[in-house]
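These notes concern the structure reproduced below.
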Amino acid sequence: MSKKGIAILGATGSVGTQALDVIRAFPDVFEAVVLTCGSNGDLLIKQALEFKPKSVVVTDPGQYNKVREALQYQDISVLLGEEGLIEAVQYPEISIVLNAIVGSAGLRPTVTAIKGGKDIALANKETLVVAGELIMALVRAYGVNMLPVDSEHSAIFQCLVGESDNPIEKIYVTASGGPFRGKKREELLVVTKAQALKHPNWSMGAKITIDSASLMNKGLEVIEAKWLFDLNIDQVDVVVHPESIVHSLVQFRDGSMKAQMGLPDMKLPIQYALTYPARFENNFQRFNFMDYPALHFEQADMDTFRNLALAYDSLRAGGNKSCILNAANEVVVEAFLKEKIGFLQMSDIIEETLSKVDFIASPTLEDYLETDRLTRLLTKEIIKD
Ligand code: NDP
Ligand code: MG
């Protein structure tokens, strides 16, 4: 049996390194054909020496020479920048492109990979938030699989196996509530970056960890789910579930609900996306009911965590609104991480940006890229960055 060729975009990140753990566990099944990094050239070099891919791509130009020198005696080509990503995702040896880049930088490589006939294992939810309608149209036109890696969407995807004739009535996307669950606005005025970076259940990259604390992550996931599963906005509900054991639920038209459950560990949805439709045996830790005698569910507080409401509003408005939401969010999260703005200011600035960037009802890919660019400029201006 020939091996399944995988490209891992964002191999040096939280999802990327866990994807390499999965590939390492099944050396006869998977082959890493392409690995990419942003600024962590040192880790990419180590990964390249272990996995011997055909190519690596470095998107931070400052890291390029170092990586090239370190790999000069290897049979590995070293490519640079977005152009490098675009070239590498098209290699014929690749069957699945796992997109684990953070942010809208993942959009163009996803588009190219789909057009190249590759299945997509999608962690980069921003791709669907920015351009969900366009991406899903491409997925249908090119007949590729869009395999969700985000744990909630993997859960829904798993609940839908064998249900192709049964329409979804509703889905419930579960949310841990993050480190500030239950807090009110007065308390959130004074929370710090360090507190926001302490997620109760998941260990993830910095951007998504802040998004989880502000509930923007759940907002992005609502938008992601709408496009992935072709739903109306009223069919996508959020329920807070602090234990993160039920990863999401699907309700069918007879009222029956299916949930996918398990310990919070991204390796499981990553592995499922790569092995789908099969399930491979592994030694991941198993769930024990005695550790979780009770599971809890509560309503999301959208008055306090306004990002979730802003995401629903953007989705309802359609066009390039979610693209604006996403770009403004990327900029405010970076500013919060640099301690230039406070936690609650993030929603205020996103809201202001949403009202100022021109609305486009039926955007093309170029329109999305331009909206993304303009929104970043405007948001930085508002922050005075
Ligand atoms: P990380 O920040 O840990 O990793 C991001 C990866 O993308 C790194 O390899 C980074 O390179 C690379 N990267 C950063 N900026 C760019 C850029 N402009 N162009 C190309 N590559 C870039 O993020 P996560 O792994 O946490 O998240 C990745 C994606 O997966 C996000 O969209 C997130 O929402 C989603 N996701 C993550 C989950 C998690 O558990 N972490 C769970 C569900 C979804 P370098 O580090 O070398 O600079
Ligand atoms: Mg998620």
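Using N, Cα and C of the backbone, Cβ positions are placed for all residues, glycine too.
Secondary structure of the domain '1-deoxy-D-xylulose 5-phosphate reductoisomerase N-terminal' (6-132) per DSSP (helix as H, G, I; strand as E, B; remaining residues coil): 60 helix, 28 strand, 39 coil. Annotation source TrEMBL lists domain '1-deoxy-D-xylulose 5-phosphate reductoisomerase N-terminal' at 6-132.
Shown in sequence order, C37, G38, N40, L43, L44, Q47 are the residues of the chain, 6+ apart in sequence, with a C-beta less than 8 angstroms from the C-beta of T12 (NADPH binding site). According to TrEMBL, the NADPH binding site annotation covers T12, G13, S14, V15, G38, N40, N124, E126, G205.
What TrEMBL lists as 1-deoxy-D-xylulose 5-phosphate binding site is K125, S151, E152, S176, H199, S212, N217, K218, E221. Mapped onto three states, the DSSP output places H199 (1-deoxy-D-xylulose 5-phosphate binding site) in coil.
Helix, strand and coil content of the domain '1-deoxy-D-xylulose 5-phosphate reductoisomerase C-terminal' (146-229), in residues and according to DSSP, is 39 helix, 11 strand, 34 coil. Taken from TrEMBL, the feature domain '1-deoxy-D-xylulose 5-phosphate reductoisomerase C-terminal' covers 146-229.
The number of other CB atoms found within 10 A of the CB of D150 (Mn(2+) binding site), across every protein chain shown, is 28. If you look up TrEMBL, you'll see D150, E152, E221 marked as Mn(2+) binding site.
Here the domain 'DXP reductoisomerase C-terminal' (261-376) is broken down by DSSP into helix, strand and coil counts: 65 helix, 2 strand, 49 coil. Residues or ranges marked as domain 'DXP reductoisomerase C-terminal' in TrEMBL: 261-376.
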> How many Å lie between the Cα of N124 (NADPH binding site) and the Cα of N217 (1-deoxy-D-xylulose 5-phosphate binding site)?
Replying inline: 12
>> Given the binding-site residues D150, E152, H199, E221, return the subset with CB under 6 A from an atom of ligand 1, ordered by sequence, or none if empty.
In response: D150
>> Fewest other C-beta atoms within 10 angstroms of its own C-beta: which of the binding-site residues K125, H199 fits that?
In response: H199
>> Within 10 Å of D150 (Mn(2+) binding site) (Cα to Cα), which of the binding-site residues S14, H199, G205, E221 do you find?
In response: E221
